[in-house]
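First comes the structure, then the notes that go with it.
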Amino acid sequence: MELILMLVSAALVILAMCMVQYTVDNHLSWGILTNGLSFVAICVILNVAMRYLAPQADPFLLPLVTMLNGIGLVLINRLDLSTSAKSGGVSEGTRQIIWTFVAVIIFVLTLWGIRDHRVLSRYSYTLGLVGLILLAIPAVLPSSMSEVNGSKIWIRTPIISIQPGEFSKIVLIISIAAILVSKRELFATTGRQILGIELPRARDLAPILVVWVVAVLILVVEKDLGTSLLIFATVLTMIYIATNRVSWLLIGVVGFAAAALIAYFSFSHVQVRFATWLDPIKYFDTNGYQLSQALFGLATGGIAGSGLGNGRPDLVPYASTDFIISIVGEELGFIGLAAVLVCYALIVQRCFRTSLLVRDSFGKLMVSGLAFTMAFQVFVVAGGVTRVIPLTGLTTPFLSYGGSSLLANYLLVALVLRVSDSATRPLSLPTGTKLPPHGIKRPSRANRVKVTPQQAHENDSHHDSQQGGNRE
């Protein structure tokens with residue numbers, strides 16, 4: 001099933017690539033054919049890896065991912081055709097194909113190396129430390145090696161540039177999930193009440209708060225407010241899922257409002273972004289040019305779009321990274337943009353479905369965090385381009401140009417598929433167990449044992465203690 005869906009998406013991507021080049025250049029080149037066949041090879045490799053390393057995993061998740069990845073390649077190649085005559089630079093589309101092959105290698109190695117996702121829960125504090133170190137590396141590097149457009153979030157070398165924050169957010173999600181599961185019972189214990197809000201004891205809350213607060217502070221120092229918002233919201237949501245206490249959401253909203261006010265009065269670039277968000281046309285000649293052109297492109301696209309290759313996405317600065325959503329809206333219209341957002345919604349839905357099916361609490365919480373971070377990132381990017389919220393500088397998963405984002409998102413999908421494979425795999429019976437001649441019969445309704453919610457919670461805790469292994 002997944003192979004057929006992936007090949008259909010590959011065929012649509014090749015057709016779109018050909019349409020774009022013929023519309024722009026009035027001819028087809030061998031380069032387009034090479035890129036198209038490379039994408040077909042990527043789809044085949046992904047399918048083979050999934051079939052042998054995670055055969056029971058969700059069959060719809062990977063086709064949706066490859067479709068978005070292919071649309072991103074089409075749009076990046078379309079920008080190359082618009083700008084190559086002006087700059088004569090190296091093709092970003094070709095480089096994105098190379099990054100996709102590297103991402104596929106990361107995907108395969110993750111599925112091969114992690115046969116049981118519960119092993120990750122044993123290294124909760126180590127992963128938390130690794131995540132913080134990855135975040136902090138750009139902050140301690142010279143600006144010449146880490147700063148781009150005012151944000152120190154890169155590790156730049158003569159060969160490649162890496163954005164470690166993309167990987168850090170995944171590592172931190174795994175760490176937070178493991179800590180929350182290990183201290184789930186302690187979080188249910190009320191330490192004190194403040195303004196009617198029940199809080200756990202400080203010593204139980206300390207590990208998560210340390211990782212959470214330090215990560216956000218590092219990102220604020222690096223002026224990466226988009227990723228700091230993403231990590232803040234993701235950890236808050238994971239705590240709410242683990243504790244089922246609405247009070248955590250209230251605390252988070254109040255904390256976010258206070259942090260936003262502090263950031264507004266402390267950082268000039270935050271004030272500039274806020275003013276640009278309120279009235280981009282007023283600052284058209286300076287900071288509002290990018291957002292204004294993106295809005296003009298969306299308006300030009302209308303319902304059905306101007307058609308692939310017929311727009312002017314080259315007028316939008318950094319269109320291949322921060323504003324690739326605007327290209328979708330301009331050339332594919334509201335219908336195309338809605339279809340892309342539906343693909344993201346389906347990916348998030350399949351991830352949450354996996355979190356409901358998996359039997360261990362760590363897998364549930366980890367996949368929920370990974371699903372939320374993708375959903376929230378897409379919301380923030382789309383909201384920024386359409387002026388629903390201020391711009392944050394985040395990229396669109398699988399669509400935007402960039403190796404770090406692509407590698408991290410394929411790593412995210414590999415982790416979800418590993419958990420999905422475990423969730424749908426039949427339970428193995430103990431060695432020596434013999435099945436009756438006609439298999440295991442389902443008990444009648446009258447003979448089924450009724451389990452109370454409290455007993456189910458105790459059984460879940462017992463399952464985690466048996467399967468999770470010893471943590472640090």
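A Cβ is built for glycine as well, from the same backbone N, Cα and C atoms used for every other residue.
Predicted, not measured: the structure shown is a model, and the values here were computed from it.
Annotated features, as they stand in TrEMBL:
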| type | residues | note |
| --- | --- | --- |
| COMPBIAS | 439-448 | compositional bias 'Basic residues' |
| COMPBIAS | 457-472 | compositional bias 'Basic and acidic residues' |
| REGION | 428-472 | region 'Disordered' |
| TRANSMEM | 28-48 | transmembrane segment |
| TRANSMEM | 60-77 | transmembrane segment |
| TRANSMEM | 97-114 | transmembrane segment |
| TRANSMEM | 123-141 | transmembrane segment |
| TRANSMEM | 161-181 | transmembrane segment |
| TRANSMEM | 248-267 | transmembrane segment |
| TRANSMEM | 323-347 | transmembrane segment |
| TRANSMEM | 367-386 | transmembrane segment |
| TRANSMEM | 398-417 | transmembrane segment |
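Ranked by the number of CB pairs under 8 Å to the transmembrane segment (161-181), the listed stretches 97-114, 323-347, 367-386 are led by 367-386. The stretch from 60-77, 323-347, 398-417 that makes the most Cβ contacts under 8 Å with the transmembrane segment (97-114) is 398-417. With a cut-off of 8 Å between Cβ atoms, the residues of this chain six or more beyond the transmembrane segment (60-77) that come close are 2, 5-6, 8-10, 12-13, 16-17, 20-21, 32, 35, 39, 42-43, 46-47, 50, 91-93, 96-97, 100, 308, 313, 320, 324, 327-328, 340, 343-344, 346-347, 350-351, 396-401, 406, 409-410, 413, 416-417, 420.
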